[in-house]
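Colleague: One structure, as structure tokens, below. Some questions next.
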Amino acid sequence: MSDSEVEYDIAGSLNPGVDSEDDYSSGSESDSEIPDIIEDSEDETGPQQGEPGTMTFPNLELSDDDDDDDDDDEGRKKKKKKTDDSVESYFGAPQTGKKSSGSFAGLGLSQLVLKNIARKGFKQPTPIQRKTIPLVLEGKDVVGMARTGSGKTAAFVLPMLEKLKVHSAKVGARAVILSPSRELALQTLKVVKDFSAGTDLRLAMLVGGDSLEEQFKMMMSNPDIIIATPGRFLHLKVEMELSLASVEYICFDEADRLFELGFGEQMNELLASLPSNRQTLLFSATLPKTLVEFAKAGLHDPILVRLDAETKLPEHLEMTFFAVKENQRDACLAFILKEVIQMPFATPEQLKELERLDERAIDDGERDEDRKQKRPKFKKERLPPAHQLPSEKSTIVFCPTKHHVEYVIVLLQTLGYAVSYIYGTLDQHARKNQLYRFRTGKTSILVVTDVAARGIDVPVLANVINYSLPPSPKVFIHRVGRTARAGNRGWAYSIIKDNDIPYLLDLEVFLGRKLLTPRLFKQQNPDPSAEPDYVNTLTIGAPPRQALEIHGEELAQMVKDSYELQQLSEVAVKGERMYNKTKGSASQESAKRSKQIMALGWDDHHLMFGEDGESAKDALLARLGQKRIRETVFEFRKSKTTSGAEMMATRRAQLAPIQRRAAEKRAIQEKERLAGLVHSQDAEIARSTEEDMATEADLTGFTTEEDLRAAKKAQKSKKRSFRDSENFMSHYAPTNDDKGYAVGNFAGAASNATFDLINDGSEMQQKQGMKWDKKKGKFINAGSEGGKKFIRGEGGQRIAASFRSGRFDKWKAAHKVGNLKVGALEESGPATKRVLSAREFKHNKNEAPKRADKYRDDFHKQKTKVAAAKEDGRIQKPQPKSELKSTADVRKSRILAEKRKQKNARPSRGGRGGGRGGRGGGRGGR
């Protein structure tokens, strides 16, 4: 068995006394379709085994007592009854001796779902799955909060399949899963297909960029589950006049992104159309601590399942920060890749393979333009398993804007690395190709933006590099949370400048981890052999100065020699200028503390690189500089009696006591801080780790797991709090952790969103401010259009929410079908069967291209196509005309000759002169 195939004996786990090797053997069917990572939790015990005598799984066998007593009539009746109810029991939960949340069988899932889980090779549920699946099966509205890669997708897909079971003959979708991006929707579709194998459930994926006619056909096939992006789903809802009254189960995947800028209008339209008795789930890697504003989503008595407060970052993640100057960031990136990570350069074989893939991508693009050409099939390489690294040094580089992405990829390719890239406005086909190269190990570096990285399926990584520090702590967690998964170790390197220090201090407070400079570490640990803790502290320092200078000179020469790099560098600088204007500001307290951190040697030699050889030289220069008395320009080479010298002496006499008192105050504050006698920011950091979980006042309107468990045991009503949920104002300020998770109303989400990923370009930026309305004669909000409801289509354009183009009406008339009647039974007439079974006509003819016209713009391109067609034999050289006549040609020529004879033998009408007519009858007629 290969490493990519995992075998798990569920029958043996449920009943250790029965050998289940004959039942089935689970293995990974396709490693190319990897769902959202379902990690094995290391801190959980294995699945608890059932008591002897329980039935095996998945074959419905009798217990040991029934098998031994074959003559017992009662046993035969039981066996007959079980045989009759085999279908129902197969879709029901297995009868285990004791329910255990340590295994999927103990969560109440049916045997068919368990079989599909085992076939994919998953053994134990993750914490988010253990806590949410039983609640969802009970019909509760759940808000799930867990970091990226914790198995959130399976947490809502498995109970959905358990509830739907089989296809419904009634018209109307019963489950809807909304995703913020096409990539995430495709990933969710793969998971649903894997776990629904063996059922007759119908799926439909509705995303932008696909054919509307094909999606009309999908919706007319009465799907049970719809996986869609909000833009296209609302487009089809308006165009087809869909009714969502049949929806029983709706899930908002990556809910914080769905309810932010891009999909706010679409979500409000969709939520108003959903029935009130639906079950609503919200899942995301980052959700706010207070979820009162999400009441607009229609949650009824929701239960909050939050795991990120327990471990905000992966357990084995090591982090460090490199302090650089303004013009040293590129040199630091090259230094990290070459010296720290030791990234190998691209081999000649890799470069040839990448060139071949580029040529194939160009050919595919030309075939898309010329749809008559048939696309050749290439054998795709299988993706590695979820627990295996794409390559040994696989690294993601996060950039702030797409302009930085374009600059960095050219820079790294010039250095000799194999690089892939993805940003928000990249074409969907190009995204797939770039991600496929990175997943298969053909490239070792993936350069992305935050907007593009959300929803990208990269299970395991070795390193993460932040080209610039993100302004939000949660964006930082989302970035670095992609490494050190599934018990693996990983590194996160961040490049920061002096203006990033306030954001770094906000991150320090949010994570509850102490910022450690080289100077502070040496004061706390006099032992020179001591190593810093990169897991529990935020270690900062500067890379070796000499190495940075070498890489900086090399890159400067590269940029000087390349016109493309010069242009991209200028565009990236302008893009960063706009990015800094739009990103949020750090807290005032962090801005004040940043000066203290800079005074503590934040840019000293980094502890990772051992002793600093430059420090001794700097100390010597400092001592030499102190040998002479420092003089100002007013005193240099002037006598003491001049006015300037007297003024400086008076000023020094006045400032000396003030400077002395300030130095004494700083020394006292430092002693108090070390003694723990003051409530400083450090005390807030220490206290924030104890206040991660939400209090009762913070989670007003939400039920926690502990409350639900206590209510089931005691069967008593919970004592009502004296605090009014609407008017109560707390007497203490929220902690920094609360501020990080806080969210305002949706009207102000553009500026106060808790996890607002700044767009990597200006294409999706909304207008801000006021503009003059000529008709109204006053200023109005630039983002409003007179109160009309608009939606943003998949192309980015704003259209009216009630707009119908009539394409569905034309499609219905062409296929002779009617509207969907939600709630009615499916039609099985000939018209419906014809529509569902009809195949889309595709041009398969490989005709010769037209002759190239030198006056057209595509002359050279068409000339190349004609030359290729001649080589393929589609265009043949003209042959000489045959002189042999066929029987039909001979007969035709004889008939024509006979007609000429008859015409020439007619008598003339004229007189003399041969019938030339007129007077005289010819030449001599006079």
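In case you wondered, yes, glycine gets a Cβ from its N, Cα and C as well.
So Swiss-Prot lists these for the protein:
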- ALA146, ARG147, THR148, GLY149, SER150, GLY151, LYS152, THR153: ATP binding site (BINDING)
- 19-45: compositional bias 'Acidic residues' (COMPBIAS)
- 62-73: compositional bias 'Acidic residues' (COMPBIAS)
- 362-372: compositional bias 'Basic and acidic residues' (COMPBIAS)
- 837-861: compositional bias 'Basic and acidic residues' (COMPBIAS)
- 868-899: compositional bias 'Basic and acidic residues' (COMPBIAS)
- 133-305: domain 'Helicase ATP-binding' (DOMAIN)
- 370-529: domain 'Helicase C-terminal' (DOMAIN)
- 1-102: region 'Disordered' (REGION)
- 362-387: region 'Disordered' (REGION)
- 709-731: region 'Disordered' (REGION)
- 835-926: region 'Disordered' (REGION)
- 102-130: motif 'Q motif' (MOTIF)
- 253-256: motif 'DEAD box' (MOTIF)
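Help me understand the surroundings of these features in the structure.
Modeller: DSSP assigns LYS152 (ATP binding site) to a helical segment in the three-state reduction.
Same-chain neighbours of the compositional bias 'Basic and acidic residues' (868-899): 846-849, counting only residues six or more beyond its ends whose CB sits under 8 Å from a CB of the stretch.
When pLDDT is averaged over the domain 'Helicase C-terminal' (370-529), the result is 84.
The helix, strand and coil residue counts that DSSP assigns across the motif 'DEAD box' (253-256) are 2 helix, 1 strand, 1 coil.
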Colleague: Would you count the other C-beta atoms found within 10 angstroms of the C-beta of THR153 (ATP binding site) for me?
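Modeller: Total other Cβ atoms inside 10 Å, all chains included: 26.
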Colleague: Would you count the other C-beta atoms found within 10 angstroms of the C-beta of GLY151 (ATP binding site) for me?
Modeller: 23
Colleague: On the three-state reduction of DSSP, what should I expect for ALA146 (ATP binding site)?
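Modeller: It is coil.
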Colleague: So, by DSSP, how many helix, strand and coil residues make up the motif 'Q motif' (102-130)?
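Modeller: Here the numbers are 16 helix, 0 strand, 13 coil.
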